[in-house]
Amino acid sequence: MINLKPAIEAGYTGRGVEVGIVDTGESVGSISFPELYGRKEHGYNENYKNYTAYMRKEAPEDGDGKDIEASFDDEAVIETEAKPTDIRHVKEIGHIDVVSHIIGGRSVDGRPAGGIAPDATLHIMNTHDGTKNEIMSAAIRNAWVKLGERGVRIVNNSFGTTSRAGTADHFQIANSEEQYRQALLAYSGGDKTDEGIRLMQQSDYGNLSYHIRNKNMLFIFSASNDAQAQPNTLTLLPFYEKDAQKGIITVAGVDRSGEKFNGSNHCGITAMWCLSAPYEASVRFTRTNPIQIAGTSFSAPIVTGTAALLLQKYPWMSNDNLRTTLLTTAQDIGAVGVDSKFGWGLLDAGKAMNGPASFPFGDFTADTKGTSDIAYSFRNDISGTGGLIKKGGSQLQLHGNNTYTGKTIIEGGSLVLYGNNKSDMRVETKGALIYNGAASGGSLNSDGIVYLADTDRSGANETVHIKGDLQLGGEGTLYTRLGKLLKVDGTAMTGGKLYMSARGKGAGYLNRTGQRVPFLSAAKIGRDYSFFTNIETDGGLLASLDSVEKTAGSEGDTLSYYVRRGNAARTASAAAHSAPAGLKHAVEQGGSNLENLMVELDASESSATPETVETAAADRTDMPGIRPYGATFRAAAAVQHANAADGVRIFNSLAATVYADSTAAHADMQGRRLKAVSDGLDHNGTGLRVIAQTQQDGGTWEQGGVEGKMRGSTQTVGIAAKTGENTTAAATLGMGRSTWSENSANAKTDSISLFAGIRHDAGDIGYLKGLFSYGRYKNSISRSTGADEHAEGSVNGTLMQLGALGGVNVPFAATGDLTVESGLRYDLLKQDVFAEKGSALGWSGNSLTEGTLVGLAGLKLSQPLSDKAVLFATAGVERDLNGRDYTVTGGFTGATAATGKTGARNMPHTRLVAGLGADVEFGNGWNGLARYSYAGSKQYGNHSGRVGVGYRF
């Protein structure tokens, strides 16, 4: 009914907020209930003046109901999460218990929390006199004083008197004004000493007035249940002291249909500070039956609990801010607008959590305090005759379309407009106004910061509209960027500092001749642009701001920047000087690729203007008179206007080095697999042997501060056998997967390969080996490209390796052998054409054929440990006798003619290899092997582990 669900779902529970509850009950027993346990409760002595704080420090176990006294010192009043279950000492549930439960009852035994703000700290002030079930004014006033001393900001008061009350402690509505005058006589007469304050606080009105004005407290009162046209007299203070209206809310009761509860008093003359809330409460405490109870006493705590949630979200809000927000967001019921029956209407907790909906009481001062990294949001549309004064260092965001007519003054921190704002605005020297996206506002006078920010990530141009005049003072700064237009309906008076950013996509593609980009238009520009005392630009990666020009037209004056484009190849070459050594080649290649693309775009029959960028197809779809460059223009423009500091990263991404690098890593890994077949030929023995092996690889390439990582896994099955007296042959089938990662790019290579080898022993002169492998692979790539785009692609290929080796065995020690081996291997890689998807700056690669001759030389030492076990150690060298170049020629997918090629890392030509291993005969034909090998250089290292089992027939 009160729309509480959005606040609950947003996670607001009142945590960190202290709430005062001034009420009465049969005994000081509220803390005995598990739902209220751990809260601060206070009782008073018979003089109604000196309060004692009670806090149960342990869960009651024997039900004796004894409380432990503590001083009013906050340090002594501890809190606990303990949940007592034995409440036999509680005689009955009192009025104070139900009110406290509605405000902040906690969850017990898995039941939902009964309170609106279950994590708020409750100061439960029990004013029961111990003998008479009455609320005494002296006790009430003393409770307010104590709460004010403790910094409590929100106070629930579910009590009051009406004209039917005539006790000595209260006053009738007929003489309430006289009581007010007497209460403030000493204080308003100038006696603001401690004695004057004490005299003032001896009356209900004086006490309320003091705490509203000096303690920033909000008092929430029930309207009382006398079925009268006026609420209880304690709520009438603002009728005589208008400023006190900011600290009092009257709450009338309504039933579930939204009609006024028959017994509830109306809002009456307090309508402007009154709203309505449900009067029917259903409360359940542990080991009790649900309590159905009604009255405005239980309407007020609903508003109080909501105020606690509001103060949790906006901890800087004053009592004026809180009451304005609660009242103006109420659901209008009854007569249209504020009326004497329902006041502002029915409480709407969900809407209140989005900030005020009107400024009807004058200016709304939002002193948000804090620092610039903290932001608060108002999401309601705000109307009213008041204005907004923004103070404090943090940020306040206005998301609604606001029609309030008072002025907006930004004295500190920043105010962000996401929608339209009718108000005229003033920015002081320590303030900042941020127009986010296509926001608009009234006239603007600024000596602070005016910042035109972006919201449209597509890069579409956005216009900020000032529906009045613009005055940029000499102390202020205008921050804007190319493609962002500040449109002024009236006269624009320029001054202060202009900071123009060339970054962002909104300015569109720049051709070789450059373009003029307007940033300020007005019916009249009262000063020449030279009245900007200082002009600064950050410049984009390829966009340079040349000059400011003023032009006059039939529709007004315009200030524009003239923008020129830099040469991508030269810019990349300059960036490469500061790049890590391992990236220099790729950065230069990426710049060359981009320059080729822009030459093609410049020459296209589409005139490379912002209009073309807007109208060309988003994908490669032909349109009449326009080549398929729409997405390409946008992607190229994003690079042109990117942050110059990102140049190395961007140019490197445009070289697509991951294709060449991952292919080289795969070729190296397949070479390791072929070497495993070669080693197996040396120790096969007699008969036919079936083998199964698994091999794991891990490699790292590092050069000049750049790193690439490889991980691989291969499973093989095969056979080896004596095919003649001196001849051994072997063949295996392997399936593998490897991954390669580098600089925001990742590759996954799946392969299936056939390996074969033959060895012929020629007696004392040594042996000869022939080796062969053929495999197919699929390389899947995912990478960042350009300024902020992502591309994916896959390429298929084959790798064939042919090897010829010769060696000789030399006896070593008594039982070992030393083998000296050397030879050549030829690697022939063929790769298909491919095209990436997802970005116009993805790569479209041509087919690739690359042959590499590799020289091999090594030593192998074998030492039997027994007739069933042999140890091995190897060392050697591999060298590419000609360059291994896996770069791919082609061009960007968004181009039709421009050509270039991918980059590649400087993979080492010479690699050292070493290894350790063992063969073991298990018996009954079974045998096993284990190997570790290393291949690498100064920049590259690959570690490989291999285990396998075999069976000899």
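Here the Cβ of each residue, glycine as well, is placed from N, Cα and C on the backbone.
Taken from TrEMBL as is:
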ACT_SITE  Asp23  active site, charge relay system
ACT_SITE  His95  active site, charge relay system
ACT_SITE  Ser297  active site, charge relay system
DOMAIN    679-953  domain 'Autotransporter'
Name the residue among the active-site residues Asp23, His95 whose Cβ has the smallest number of other Cβ atoms within 10 Å.
His95
Let me know the DSSP-derived helix, strand or coil state of His95 (active site, charge relay system), please.
helix
Going by DSSP, is Ser297 (active site, charge relay system) sitting in a helix, a strand, or coil?
helix
Three states by DSSP: which one describes Asp23 (active site, charge relay system)?
strand
Looking only at the domain 'Autotransporter' (679-953), what is the model's average confidence as pLDDT?
92
